[in-house]
Amino acid sequence: MSADAAAGEPLPRLCCLEKGPNGYGFHLHGEKGKVGQFIRLVEPGSPAEKSGLLAGDRLVEVNGENVEKETHQQVVSRIRAALNAVRLLVVDPETDEQLKKLGVPIREELLRAQEKSEHTEPPAAADTKKAGDQNEAEKSHLERCELRPRLCTMKKGPNGYGFNLHSDKSKPGQFIRAVDPDSPAEASGLRAQDRIVEVNGVCMEGKQHGDVVSAIKAGGDEAKLLVVDKETDEFFKKCRVTPSQEHLDGPLPEPFSNGEIQKENSREALVEPASESPRPALARSASSDTSEELNAQDSPKRHDSTEPSSTSSSSDPILDFNISLAVAKERAHQKRSSKRAPQMDWSKKNELFSNL
């Protein structure tokens, strides 16, 4: 039972489960004389146990959908349809009985309503802010409940693993193009459009298609693929973190806010020195963002009026950063010319050849 229920406010519990190598780790069954589906057994150390699911709990909702009047098979189908993560709203027998006596329908909204009432209570301002921070953290946790990488472990069958790998020209990485029905890949939870992060514990970030295929083949008849779906991939990119096996059940990173990203970029811009040599400047502008490219297009108009001088001691780094190709070649030519040895006087040449 939750702390609130013990304090006299009976509430259901929301359990977020991530499927492990052996499934979720709980058994569902119906009881004679009772309506609904119940948790019969929770395996030790399983995702179900970690989520707080208890034997004897009655299942009320699956991913926000009420299942109280559904058959055993219908509930099982809903859980399977969620693939590798599921959200279960449950009540223990005591809480269930209390809510029935009060005539309160059991819904996930009960938890949200309780959080709101705690947040709007009129104790001291510091306590209110603390409750608000906890509420925000819990909400953020629920939103990120399914945004984790997945470890898909599979053994090769008679027809292989049963998935196709491909690369997408529009984005880096290797992706799952298709998963064969009833294949080891499907049984492991692998899905089409998943991006491969690790193969058998080795990071595949930045690797070519052939490297990933070789890494899978090197595993023999078994492969462990750490993958992310599209939403999870975008979440980790916002956090500027590469997904790893630590994120399977460990703490998740926090996304960067726009202000933090802008601050980070501006700091990098101040720290990075501008090269005075033409080649590095041009190479850097080729990988710059759109605004720098627009500045580079305007730069010839600014430089046409003033001819570059080889005797100038130093030039503005910003102007060097945006110089045109023609100006860069001219400066390079002048720099080479300035390093040539001075011409020898003709009389000295004549004297030298006479001595020889």
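Glycine is treated like the rest: Cβ placed from N, Cα and C.
Residues or ranges marked as phosphoserine in Swiss-Prot: Ser2 (among others).
Taken from Swiss-Prot, the feature N-acetylserine applies to Ser2.
Taken together, the residues of the domain 'PDZ 1' (14-94) have an average pLDDT of 91. Residues or ranges marked as domain 'PDZ 1' by Swiss-Prot on the basis of sequence analysis: 14-94.
In the three-state DSSP scheme, Ser46 (phosphoserine) falls into the coil class. Swiss-Prot lists Ser46 (among others) with the feature phosphoserine.
According to Swiss-Prot, the region 'Disordered' annotation covers 113-142 (among others).
Annotated domain 'PDZ 2' per Swiss-Prot: 151-231, in sequence order.
Under the heading region 'Disordered', Swiss-Prot lists 265-356 (among others).
Annotated phosphoserine per Swiss-Prot: Ser266 (among others), in sequence order.
Swiss-Prot lists 272-288 (among others) with the feature compositional bias 'Low complexity'.
Among the features that Swiss-Prot reports, phosphoserine is placed at Ser277 (among others), with the record citing a large-scale study or a structure entry.
According to Swiss-Prot, the phosphoserine annotation covers Ser287 (among others).
Summarising the annotation, Swiss-Prot assigns phosphoserine to Ser288 (among others).
Annotation source Swiss-Prot lists phosphothreonine at Thr290, citing a large-scale study or a structure entry.
Positions annotated as phosphoserine by Swiss-Prot: Ser291 (among others).
Annotation source Swiss-Prot lists phosphoserine at Ser299 (among others).
Residues annotated as compositional bias 'Low complexity' in Swiss-Prot: 307-317 (among others).
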- Message: Please give me the CB contact count at 10 A for Ser46 (phosphoserine), counting all chains in the structure.
- Response: 18
